[in-house]
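If you check TrEMBL, you get these features:
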{"type": "DOMAIN", "residues": "523-786", "note": "domain 'G-protein coupled receptors family 3 profile'"}
{"type": "TRANSMEM", "residues": "523-549", "note": "transmembrane segment"}
{"type": "TRANSMEM", "residues": "561-580", "note": "transmembrane segment"}
{"type": "TRANSMEM", "residues": "592-617", "note": "transmembrane segment"}
{"type": "TRANSMEM", "residues": "637-658", "note": "transmembrane segment"}
{"type": "TRANSMEM", "residues": "678-704", "note": "transmembrane segment"}
{"type": "TRANSMEM", "residues": "716-738", "note": "transmembrane segment"}
{"type": "TRANSMEM", "residues": "744-764", "note": "transmembrane segment"}
Amino acid sequence: TVIHGMVFFKQPPQTSANFNYCQLKLNQVTGSFTLSSYRMFQVMRFAVQEINNSSLILPNVSLGYEIFDHCSDTFNFQAILNMISRNGSIQVLRCVNEYVSKVIAVAGPFRSMESMTVAPLFAMNLIPMVNYGSSSSVLSDKWKYPSFLRTTASNKDLIQLIILIIQHFNWNWVAFVSSGDENSQNGLQLFKSKLKDTKICLAYAKELNEMSDHYEILQQLEDLSIEVIIVFARQSSAVAFIKSAIKHNIHSKVWIAGDSWSLNKNLPRLSGIKAIGTIIGITETVMPLPGFKDFVYLSHTQRNNRPTTCEQTPSGRTCNQACDLCSDVSPEEIIGENPSYSFATYSAIYAMAHALHNLLLCDIKGCSDNVTVYPFMLLQELKRSNFTILNRHIEFDSNGDPTCTSYAIVFWNQSGQAQKVGSYETDPAVDVPFSINNTKIHWYADQVPVARCSPECSEGFAKKKDGLHQCCFQCNVCPGMTYVNYTDNPYSCINCRKTEWSKPGSTFCTQRSVEYIPFTDPVAITLMFSTGVLLALTLAIVILFALNYDKPVVKSAGGPMCFLLLGCLSASSISVFFFFGKPTVTNCVLRYFLFLLFYTVCLGCFAVRSFQIVCIFKMATKFPKIHSWWVKHNGQWWLIAIVFVLQLLLLTTVFTASPPTPVNDMTSYRDQIILKCAMSRTVIMFLLLTIVLASLCFIFSYMGKDLPKNYNESKAITLYLLFLILTWITFCTASILYHGKYLQLFNAMSVLSSSYSILFCYFLPKCYIIIFQPQKNTQQHFQGIIQRYTQNISSK
């Protein structure tokens, strides 16, 4: 049997404590012996002896103890019940301070299930149990185990350390192999619960028992392509499993060893252990015990020189407390055995001694002999433990667990030694609680192994779950205007907000730039300056025509109609200034209203002017009555007035019902928000009149294509109309192909070009004649031209 001992401290008398000792006998039922447990037994004896020999703790008081090998619950309950009985019977207590038990404290047992079995019995009398090996987190429940404390760490810290190691190396596809004992099962449950907040997937979990087919388990691990295997099992099960891995030629794996076997001394010596891969273990930091080595050698010498006082093992199948094989163990074997739980055992004994020291009001002179110590008093004092031993602080939290535990991360190196490569501290005051020196680990492949179900997605790719585990996925690129947030949800592409944009395969969205043409834009400044020049030219032409109002050139250009035409031209050109700056309702309305109203009047003037020219040279001779009526009733002014009123009504009606409004164009460009003015579809209503007038102008001007060369107003108007049509065809083509902010510049340029075409094609040639060819600006010159044209028409 494994020598998982329970140490019972006897109730000390008022003066001193008796020291009772009996050798351990081998359990004949199982016929096994565990050297690591025997080492813990020797550490316990060493601690008791140190305390009894110390003048600083419990002076003049000697601790006595009895030790029992907890080989089986069935065989050991008799001894346990005897410890908590009173005069051979167990009574239900009315008050804990009315009972003086045979023992005041218990150290052990080692395994979690054994502790869970016996702890409720000791809890009835609030007899404190200070444990050194049971790490199941279930024992932290003080409702069930009120008198249980421990100097070894809880599984929750061990499992947390394993997860930190996995995360440190960026692994997420692991297996967890446990055994059937409570400690291993609790570790598996904790591991599963902690995985919920991580990106680690438990690909495989298996419980080892005596009937387990190791080859089948190892084959399943191979089939699932699992590279990292956590073996959190009791030592005997773990050793058997690793030996099977060697036997079946398992190669290139990472084995994470639980604390039960991470410092095993025999496995690293096995042939083929290096071939199975890299072994990383976790264990509480090993603390050397000064004087323990000398104690072991001295105890061995004394035992050999002392006659056996205990009876030999009977031949019957019973579990007793004699140990036939203990004398066969050499001091070197004890000293060289797994030291994992040595300090936990050592500190458990000292914790009870310190608590007893305080209860007995001990000082340097001695302890009080007038104090009766009850178990519940010792339990309360243990919970207040706060002392330092071998530079380690000992204190318990509200769950009876140690507040500060130091762990070592070890690597089984090429020489078969457990080399420390990292550490983990549960003390919150430590600045860097977890650390691993990667350079000290020599991997079987000379680099950190990859243990993932699926390769990590490239940046900007969302994961699509493939199977049951979140670690198994396919990678799909996120389309434009979406992004993937690996922190919140790596499994979906999130739409950007309306004011944001992103490229395909993005991990974030970028704020869209807001685009419009400011007044400070160089092109805008150029256009506004050009508009100013046009207004200046228009004013100059008005002055020039006013000074030459009675001259034939001005009269032939339309006379007073020229001033209306120039005035409307100036008014329509002012609309250019409203194409720049951040769009508002006001400048959206004015940029279209001014141009469409006054430029339509310009077209109306040209339509009338074209009609008049045709009437003078053609209709006057062919249709004299119609010409007479037109002149008599000033038909040209009525027509212009009708055009103005009709266009004004149309614009007012449409702009009132559905005015041009500033809009944010978010569809044309993914990375820009274009601020522009939106026109409703009813714009065709007031464009219709403009188109009709332009068409009439072109028809009438074409009818006058054969007029006198030196007196051909129709040709000037036709040329102007060609420029006008070309300008707006160019703008319409640009608006179809381009939707950026500079489309407003094209619009302003089209407006300005339409105005300049009137000046250059119609007015500037007349200004040239007035200024540079005054001989042609006479009544005789024009009458001669008209007479020659009339004679030609008559002869035809």
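Using the three backbone atoms N, Cα and C, a Cβ is placed for every residue, glycine included.
Fair warning: this is a prediction, and the values are worked out from it, not measured in the lab.
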For the transmembrane segment (716-738), which partner among 523-549, 592-617, 637-658, 744-764 gives the most CB pairs under 8 Å?
744-764
Paired segments the transmembrane segment (637-658) and the transmembrane segment (744-764) in contact, 3+ CB pairs under 8 A:
no
In terms of Cβ proximity under 8 Å, which residues at least six beyond the ends of the transmembrane segment (744-764) contact it?
516-517, 523-524, 527, 530-531, 534, 537-538, 541, 557, 562, 565-566, 569, 572-573, 575-576, 579-580, 595, 599, 602, 606, 676, 716-717, 719-720, 723-724, 727-728, 730-731, 734-735, 738
Long-range neighbours of the transmembrane segment (523-549), counting only residues six or more past its ends (CB under 8 A)
517, 557, 559, 562-563, 566, 569-570, 573-574, 576-577, 579-580, 742, 745, 748-749, 752, 755-756, 759, 763, 767, 770-771, 777
The average per-residue pLDDT within the domain 'G-protein coupled receptors family 3 profile' (523-786) comes out at 82
